[in-house]
């Protein structure tokens with residue numbers, strides 16, 4: 001892989017991991033169009049590792065929030081009052097919201113790996129329509145401070161849906177938050193905080209299992225480093241941009257993006273450019289891997 005291609009993949013990962021449009025769908029299709037198949041262990045390792053860059057972007061961007069939540073949760077637990085402060089409660093609610101995706105990933109991973117490009121196209125369109133409904137019907141009034149245990153669990157279930165390729169981790173969780181009445185920015189902020197435990201755990205596992213595939217592959221190793229750095233830096237900027245966008249604007253642009261991407265993938269399948277089935281296991285969706 002050339003360094004230019006690696007940088008483009010890193011940029012694509014950053015954009016589609018945090019925007020509610022599905023990083024899995026875009027990376028797989030972009031890879032197919034450039035002649036990179038997940039049958040190639042080196043490309044699979046590359047795709048997995050560059051996603052660590054966007055995880056790093058979340059950790060750096062929300063470092064103050066994460067430190068405050070962890071400290072408050074630990075302090076409350078030590079004092080025998082684990083839910084004694086708003087920060088402590090939010091910290092434990094994030095843990096609660098992580099459980100559905102962790103359980104679903106453990107039980108369904110191998111079945112989901114068998115899903116093909118038609119599922120990606122369908123998920124892009126279906127979840128785009130749900131996002132449209134959330135945008136039009138939700139009240140958009142609640143803040144992150146208003147998250148309760150029920151909210152965290154329901155948004156956690158939405159995060160588990162991101163196991164389906166094309167759904168987008170950020171897409172399902174932001175949509176879920178909006179349907180529960182949260183503002184667009186609050187839904188996105190909680191979505192990003194909720195992603196931390198599952199992406200750290202699953203990312204560490206995937207890194208451990210895929211890094212050996214790059215041994216002795218100097219060119220691929222350099223390309224992977226470039227892609228990871230680009231995804232981290234660009235990911236930080238995308239988070240900042242998205243939160244600012246959602247503060248004053250709607251998600252309609254992402255609805256259009258999803259519908260157009262789903263239609264484009266369907267057209268590519270029908271024309272024979274993309275295979276209909278999954279020729280190799282896709283990388284886990286953003287929440288579990290390796291989004292959106």
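The count begins at 1 with the first shown residue.
From the backbone N, Cα and C atoms, a Cβ is placed for every residue, glycine too.
Database features, via Swiss-Prot:
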TRANSMEM  1-21  transmembrane segment
TRANSMEM  46-66  transmembrane segment
TRANSMEM  90-110  transmembrane segment
TRANSMEM  114-134  transmembrane segment
TRANSMEM  192-212  transmembrane segment
TRANSMEM  225-245  transmembrane segment
TRANSMEM  253-273  transmembrane segment
Here the stretch out of 46-66, 90-110, 114-134, 225-245, 253-273 with the most C-beta pairs under 8 Å to the transmembrane segment (1-21) is 225-245
When only pairs 6 or more apart in sequence are counted, do the transmembrane segment (114-134) and the transmembrane segment (253-273) reach 3 or more Cβ pairs under 8 Å? yes
For the transmembrane segment (192-212) against the transmembrane segment (253-273), do we get 3 or more Cβ-Cβ pairs below 8 Å once near-sequence pairs (under 6 apart) are dropped? no
Could you give the residue numbers and ranges of same-chain residues that sit at least 6 residues beyond the transmembrane segment (90-110) on either side and whose C-beta is under 8 angstroms from one of its C-beta atoms? 69-70, 72-73, 82-83, 144-145, 147-149, 151-153, 155-157, 159-160, 162-163, 193-194, 196-198, 201-202, 284, 287-288
Cβ contacts under 8 Å made by the transmembrane segment (46-66) with residues that lie 6+ beyond its boundaries: 1, 6, 9-10, 13-14, 17-18, 23, 27, 31, 38, 192-193, 195-196, 199-200, 203, 206-207, 210-211, 214, 220, 223-224, 227-236, 238-240, 283, 286, 289-290
